[in-house]
Amino acid sequence: MAYKVLVVDDSSFFRRRVTDILNKDPKLNVIDVAVNGQEAVDKALLLKPDVITMDIEMPILNGIEAVRKIMAQSPTSILMFSSLTHQGAKATLEALDAGALDFLPKKFSEIAKNSDEAGSLLRQRVVEIARKSEFSKQRTRTRPAAVNISPKSSRLIADQHRPLASTSSLVTKDKKVMAAITRSSGKEYKLLAIGTSTGGPVALQKILVQLEENFPLPIIIVQHMPAAFTAAFASRLNSLCKISIKEAADGDVLKPGCAYLAPGGRQMLISGSENSAKIKILDDDSPKITFKPSVDISFGSAAKTFAGKVLGVILTGMGSDGKEGARMLKAKGATIWSQDEQSCVVYGMPQAIDKAGISELSLSLDSMAASMVKEISRG
């Protein structure tokens, strides 16, 4: 049976085009459309779609408020369409925080000319989050509850259906989560490296808000994200977390307790030595490199600089970026972990390293931060 899709947009042209694109996949069936946020809320409750594609700027009720209402009344997998502007990035991040699972840039020109690439990407994203919706429904009664925290910033609003799990002292009372927390291997670490894609913004926020200001390692983060989004995302994370988080810039010196987010549309490399490592940002126009930034490239450079003194983590994401970079790290003696299938929005990138035998441990998102701290504490 095809996944049911509700298309929400105030543009009649965009509604028709998105509907035509999605209906080309036999796994998808657009069951209805909505022209504003309030209509989306009403139809989500009535029709119970598997996936909703949602515009942000709409009359009567905007996309962000619509997401909040839908997640409160009839939780549904939602894909946001976002403009490639700083303001569009901020709005999209708000929508993700409210409960949306993923986003795509709203490119009218590519949709208008019926680009095969744009259509294929849209169908792929919708199918993937529809599968997540189906998987989540099957696990609803058995999924352990998350543990809430009080974050640094009073501006954080945690969605009640997807609360931010945390342990202010990195200790949780949830027995199921505690069971997954590993004992330290006793290895020495100089760097924490994280790679992610679809579902990454929420996963990263959930992990990073739990880390204390005195976190002993620098952190590099590669999140597949457009160039217009990464500065806004880094700024948002910095406002919520105790550690410092910034969009990486060329020449940045890696410091403990600081996280560096790879800028969208470019590549982030690590150079120097393990005790004086710096970030190098490159403009890469090579058509051979699909992702900009690329987890493989950043992880590979970390392997050259830090050898085995890296804890590398692959979180939720589509595709297999990070597999070769993680393989390079592992060959140098680094520790590689993955996010488990149950807690991923898309179990693609973690699955790639799991199947290749690269990951040493597969952890739930709820237990990831505490496990990281335990591992690097060396007992």
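Heads up, the Cβ atoms here are built off N, Cα and C, so glycines get one too.
Residues annotated as active site in Swiss-Prot: SER197, HIS224, ASP321. What Swiss-Prot records for 4-121 is domain 'Response regulatory', and it gives sequence analysis as the kind of evidence. What Swiss-Prot lists as domain 'CheB-type methylesterase' is 185-379, and the listing cites sequence analysis. The feature 4-aspartylphosphate is assigned by Swiss-Prot to ASP55.
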Cβ packing number for ASP55 (4-aspartylphosphate), 10 Å threshold: 26
Number of other Cβ atoms within 10 Å of the Cβ of ASP321 (active site) across all protein chains: 27
Candidate recorded positions ASP55, HIS224, ASP321, pick with smallest Cα gap to SER197 (active site): HIS224
ASP321 (active site) to the residue listed as '4-aspartylphosphate' - Cα separation in whole Å: 28
Cβ atoms near HIS224 (active site) (within 10 Å, other residues, all chains): 22
Cα-to-Cα gap, HIS224 (active site) vs ASP55 (4-aspartylphosphate), nearest whole Å: 21
Overall pLDDT of the domain 'Response regulatory' (4-121), taken as the mean: 92
Within the domain 'Response regulatory' (4-121), residues counted as helix, strand or coil by DSSP: 58 helix, 26 strand, 34 coil
Neighbouring C-beta atoms (10 Å sphere around the C-beta of SER197 (active site)): 24
